[in-house]
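For reference, the structure is listed below as structure tokens.
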């Protein structure tokens with residue numbers, strides 16, 4: 001999840017491959033204009049007609065769309081979101097409507113941050129939003145979701161609503177008492193991962209029936225801020241946080257068949273060049289291009305994993321957060337280091353169209369939102385970054 005809120009700031013040797021990385025300005029990849037306003041911790045999805053929708057996060061209640069099939073591609077503003085400004089929502093298209101699940105925000109300027117469990121949907125035909133008459137079985141912040149078919153979405157992971165909300169209530173209560181606030185922060189972070197009770201239940205929401213189903217549990221610990229991808233009926237749940245500040249390098253893999261999820265053998269990202277171990281990523285970009293699953297960017301706290309192994313529960317205390325620019329590819333069943341992005345970036349929106357993976361917005365190494373749109377494309381054995 002990355003813990004981007006203001007009070008959370010206290011929170012391989014390079015292989016010679018037949019694949020290479022290149023920065024290209026050729027016609028191999030689609031060039032998209034910048035988003036009208038910088039976007040981090042937002043959400044987005046693409047419909048069946050090649051139209052991308054992004055919004056929320058640092059864009060507040062604003063949403064934008066861009067039609068990839070048009071010769072002249074420009075972002076257009078759509079009707080603002082009625083549910084209030086929020087971050088870390090998940091969105092997918094179901095039955096030709098854009099569904100938005102959960103997030104974290106404030107009910108008003110005086111209230112503390114809190115986890116949402118509501119669902120909204122947007123009609124592109126009518127340009128209208130509607131609150132869906134449902135609530136999720138658990139609060140949804142730091143969760144991830146993938147579309148299973150035209151009526152169902154799989155949602156899993158995320159923070160524990162009660163523990164998360166209590167932290168911000170306590171922070172607000174401490175107010176200007178810096179000593180008390182530091183005590184709240186330390187007590188919150190100085191716990192083992194199991195004490196945060198991150199969600200490990202897998203839920204399936206059916207938009208046609210407006211129902212939720214328990215589809216089992218993750219094969220390991222619950223995570224927050226994971227990246228997820230669905231391809232050829234295989235779900236990949238990539239890294240994420242085990243607790244605030246501590247990532248995992250594990251990638252869960254499952255097969256979706258006959259409305260059943262079957263978990264397969266886990267894999268792990270390799271260490272970055274020059275580093276002894278892979279800390280794991282939160283807020284990474286991901287998507288498929290010509291059959292290769294690409295994962296790039298995100299952020300972590302180098303050294304937090306070793307601290308935690310040594311018994312230091314506040315594992316990222318005193319460690320500067322590092323935004324990443326490495327790109328990894330899953331090639332013939334093995335993860336490989338592929339190269340670097342144009343800049344370190346995380347917590348943006350990943351959208352796949354054809355064999356291009358668009359990286360929309362994100363947070364740079366200064367913690368600032370960006371409005372740029374870049375892309376990954378595998379072409380003739382090369383990873384093209386545009």
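Please read every residue number as a count from 1 along the shown chain.
For all residues, glycine too, the Cβ spot is worked out from N, Cα and C.
Noted in Swiss-Prot for the protein shown:
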type     : residues : note
SIGNAL   : 1-29     : signal peptide
REPEAT   : 51-95    : repeat 'Kelch 1'
REPEAT   : 97-149   : repeat 'Kelch 2'
REPEAT   : 151-186  : repeat 'Kelch 3'
REPEAT   : 187-232  : repeat 'Kelch 4'
REPEAT   : 235-284  : repeat 'Kelch 5'
ACT_SITE : 241      : active site, proton acceptor
REPEAT   : 306-355  : repeat 'Kelch 6'
REPEAT   : 357-386  : repeat 'Kelch 7'
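Between the repeat 'Kelch 5' (235-284) and the repeat 'Kelch 2' (97-149) there are at least 3 Cβ pairs closer than 8 Å, counting only pairs 6 or more residues apart in sequence, which means the two stretches are in contact.
Three or more CB pairs closer than 8 A are found between the repeat 'Kelch 7' (357-386) and the repeat 'Kelch 1' (51-95), so contact between the two stretches is assigned (pairs 6 or more residues apart). For the repeat 'Kelch 3' (151-186), the DSSP-based tally of helix, strand and coil residues reads 23 helix, 6 strand, 7 coil. Using a 10 Å Cβ-Cβ cutoff, the residue listed as 'active site, proton acceptor' registers 30 neighbours.
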